[in-house]
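Trainee: Following this message is one structure expressed as structure tokens.
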Amino acid sequence: MVRELLEKARGLSMFTAYNTNVDAIVYLNGETVQRLIDEFGAEAVKRRMEEYPREINEPLDFVARLVHALKTGKPMAVPLVNEELQAWFDSHFKYDVERMGGQAGIIANLLANLDFREVLVYTPHLAKRQAEMFVKKPNLFYPVVEGGKLVLKHPWEAYRENDPVKVNRIFEFRAGTTFRLGNETITVPFSGRFIVSARFESIRIYTEPELKPFLPEIGQRVDGAILSGYQGIKLRYSDGKDANYYLREAKKDILLLKREKDVKVHLEFASIQNRELRKKVIYNLFPLVDSVGMDEAEIAYVLSALGYDKLAERIFTYNRIEDTVLGGKILIDEMNLELLQIHTIYYIMYIAHANNPLSEAELRQSLELATTLAASRASLGDIASPDQISVGMNVPYNERGEYVKLRFEEAKRRLRTKEYKLVIIPTRLVQNPVSTVGLGDTISTGAFTSYLAMLKEKGEL
């Protein structure tokens, strides 16, 4: 079933934007973590952990947030705002791998490797180092304007010499890694990653003015669009521009994509630490898109920004399925979304309105494809061809699968769900993943494209 659905999805033409970067990856071990703690002293690290810095301005901020992530075993991303710290990172770590990062870049490479009919990727910054991170596939294109016309080139032929490059440093950690923090011995409970995301003035999220008039043509050409990277917008810039300016432009982009035909747009949401900015992104963009994807921490952040602080706190503290379902219902109604997809370590969930053209069984198939693709990626580190989905098909569902289904049925009984289609599936969980980077993006891509493929088959696209 999964294979047939992927086959249908591969007939689609997709557009993805905006964020790409170079991911410099470090595979952490206990000794490296210990060395960092010893360099600053356990007491200083503990004090800074209590302060919980929201961004990285100096090395101790980094060490404190890293140790916190390792202790909880939760994947986290913290912005690096001090460009001068790049040299400190480069002197302290040897990068094990350099590869494509940023949601739009990861999604573009995935779709190209899965042999989708046509993949258009746009990022406002395309330096040579960045362009070389794209897979060399004939179905992958970058839109440029030449002679007043839209021209599609392969990304590695469209780079611009003087564009800035964004480097995100990713620290992959494994469950079972141990180190000492003063008198305490810490064992990492889950595998995950800690991302130090570069948030510098030079990197912006926008569409170049000369390409903007051609967005309706792109929207007409494709079956769907996946937009991401809004977490990279800053509240204020030194040149006088601010988040409001870039969000106004982002709204124009979505409306232009939808001008000639109402192309379905999925927004892949990522954690935004600043509450004010988070609120702006939600209120400006969510009402314009059809589908949103996020993880359970992100839905708590979103609910908190919408004023549902108690519910957000419950999701953060207890992680109960019924709270996530309740939060999802609130979000889909307040933002008038067609589809909300929430992915966690143990389950993936869809929430749609009852009048959605797809049945709950079809929505479930879409999620099955999503978790199978993610399991293939976790097992192999990347997906190089459509055949590799068979790897994910051999990965068992996680051990909490039955418990997840039970709690979901309880939640449905307890909450009013008649006006909704609610679907949940347990994830296929790889015990020792080669990499955890891009798994959420892979889930959202598999889910949204298979959703579109089934809509198309019903004549609803």
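Keep in mind that glycine also has a Cβ here, set from the backbone N, Cα and C atoms.
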Trainee: Which of Glu268, Glu409, Glu410 shares the Mg(2+) site with Glu298, Asp441 per Swiss-Prot?
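Mentor: Same Mg(2+) site in Swiss-Prot: Glu268.
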Trainee: Using a 10 Å cut-off, grab the number of neighbouring Cβ atoms around the Cβ of Asp441 (Mg(2+) binding site), all chains included.
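Mentor: Summing over all protein chains shown, Asp441 (Mg(2+) binding site) has 25 other Cβ atoms within 10 Å.
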Trainee: Using the Cβ centroid of Glu268, Glu298, Asp441 as the reference point for the Mg(2+) site, which residues of the same chain not in that list have Cβ within 8 Å?
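Mentor: Counting only non-site residues, the set is Gln103, Ser228, Phe269, Ala270, Gly293, Met294, Asp295, Gly440, Ser444.
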Trainee: Tell me, if you would, which residue among Glu268, Glu298 (binding-site residues) has the fewest other CB atoms within 10 Å in the structure shown?
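Mentor: The binding-site residues Glu268, Glu298 were compared, and Glu298 has the fewest Cβ atoms within 10 Å.
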Trainee: Give the helix, strand or coil assignment DSSP yields for Glu298 (Mg(2+) binding site).
Mentor: helix
